[in-house]
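K.L.:
Handing you a structure now.
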Amino acid sequence: MPYNKELEAAKKAVSRAARLCQRVQEALLQSDVQSKSDKTPVTVADYGSQVLVSFVLQKELSSESFSMVAEEDSGDLRKEESSETLRRITELVNDTLATDGSESINALSQEDVLSFIDSGKSDGGSQGRHWVLDPIDGTKGFLRGGQYAIALGMLDEGKVVLGVLACPNLPITSVASNDYLTSLDKIGSLFFAQVGEGTYMQSLYGSQSSKVHVTGTENPEEASFFESFEAAHTMHDLTSLIAKKLGVKVPPVRIDSQAKYGALSRGDGAIYMRFPHKGYREKIWDHAAGCIVVTEAGGVVTDAAGHPLDFSKGKHLDVDTGIIVTNQKLMPALLKAVRESLQEKSSL
Ligand SMILES: Nc1ncnc2c1ncn2[C@@H]1O[C@H](COP(=O)(O)O)[C@@H](O)[C@H]1OP(=O)(O)O
Ligand SMILES: [Mg+2]
């Protein structure tokens with residue numbers, strides 16, 4: 001398995017980052033209403049997560065040719081007014097590493113923290129290897145106490161060759177309906193895949209993993225579909241039209257972040273549709289890990305015109321209109337419903 005070493009390092013990195021995010025989310029949810037409207041916790045967790053992933057990957061693997069395309073950079077943190085935030089991030093990262101206790105490390109300095117953040121400055125591209133990280137995907141879900149993910153992929157010569165998704169609030173049991181919102185199972189799920197080897201899932205801090213597959217259903221009437229919780233992130237009216245044309249009977253299951261890809265990879269639902277509002281450009285870190293987790297589980301990920309996603313063009317994905325995900329059997333019918341719905345909408 002050509003990427004085994006990288007996959008093990010990636011799993012370790014996202015699991016650590018997930019612990020950090022969980023600590024922040026727990027404190028956030030216990031805090032009063034006023035401090036809940038303060039966005040600092042998510043900022044601290046976002047940067048802290050990126051530092052931990054970057055730190056663990058470089059420690060576990062040879063760091064000479066380390067390249068990472070990540071969502072955050074240290075620009076704002078270097079400003080005078082951010083000194084308290086930087087102090088909090090550094091403390092949180094060091095506390096998380098110390099609690100982990102798996103090895104003795106010297107505490108990271110504030111300068112170390114800034115430089116680990118900045119090692120995510122790469123632009124990616126079609127040559128060589130690049131890590132692709134979203135340190136907290138689904139910040140809105142994180143703030144709401146809902147779903148979020150730490151999403152880490154790796155590109156080799158422009159193709160996603162491995163991906164790991166840590167979903168701290170995604171139950172390891174099915175989330176096939178909106179009942180998941182009241183589920184008491186908060187163990188968290190970890191999905192991982194490398195090219196040609198299938199997709200596996202385990203509980204976030206467990207060690208027993210099992211292979212997962214997308215659903216084999218051919219019948220749209222049995223198919224439930226996932227989409228963004230946030231109406232600002234996708235056109236719910238369009239996806240509802242597509243679902244109706246396809247013959248889907250059940251209401252959409254709305255989940256934040258790439259947890260949708262994870263849930264689909266184990267067959268909780270059959271379809272994921274994402275149609276951002278005009279002008280939004282998709283970033284590679286929002287899809288790299290999720291995409292390989294689904295494709296290695298037997299699913300298909302394309303844009304609205306049926307083209308596979310191209311991760312070799314830098315930080316952005318140039319997708320036609322939207323992103324759709326399902327199994328091989330349902331894809332032709334889904335593409336047809338998408339095409340007809342888009343035509344109908346443009347002729348209004
Ligand atoms: N206007 C937007 N349209 C679509 N996606 C967005 C928009 N703004 C942010 N996002 C990103 O969409 C992803 C999550 O969407 P969802 O949870 O709906 O699937 C996140 O990566 C989020 O960024 P972020 O990672 O900063 O939260
Ligand atoms: Mg994101």
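Yeah, the Cβs are placed from backbone N, Cα and C, and that goes for glycine too.
Unlike curated records, TrEMBL annotations are generated automatically.
Given the structure is predicted, the values throughout are model-derived calculations rather than measurements.
TrEMBL lists these features:
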type    : residues                              : note
BINDING : GLU71, ASP134, ILE136, ASP137, ASP286 : Mg(2+) binding site
K.L.:
On the three-state reduction of DSSP, what should I expect for ASP134 (Mg(2+) binding site)?
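P.N.:
The three-state answer is strand.
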K.L.:
Test of understanding: give the count of other CB atoms lying within 10 angstroms of the CB of GLU71 (Mg(2+) binding site).
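P.N.:
Cβ-Cβ neighbours of GLU71 (Mg(2+) binding site) within 10 Å number 21.
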K.L.:
Most Cβ neighbours within 10 Å: which of the binding-site residues ASP134, ASP137, ASP286 is it?
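P.N.:
Per the Cβ count within 10 Å, the most buried is ASP134.
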K.L.:
Other residues near the Mg(2+) site, CB within 8 A of the CB centroid of GLU71, ASP134, ILE136, ASP137, ASP286?
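P.N.:
Surrounding the site, in chain order, are LEU133, PRO135, GLY138, THR139, ALA149, ALA151, SER257, GLN258, LYS283, TRP285.
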K.L.:
Using all protein chains in view, find how many other C-beta atoms are within 10 Å of the C-beta of ILE136 (Mg(2+) binding site).
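P.N.:
Around ILE136 (Mg(2+) binding site), other Cβ atoms within 10 Å: 29.
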K.L.:
Taking DSSP as the reference, which of helix, strand or coil describes GLU71 (Mg(2+) binding site)?
P.N.:
coil
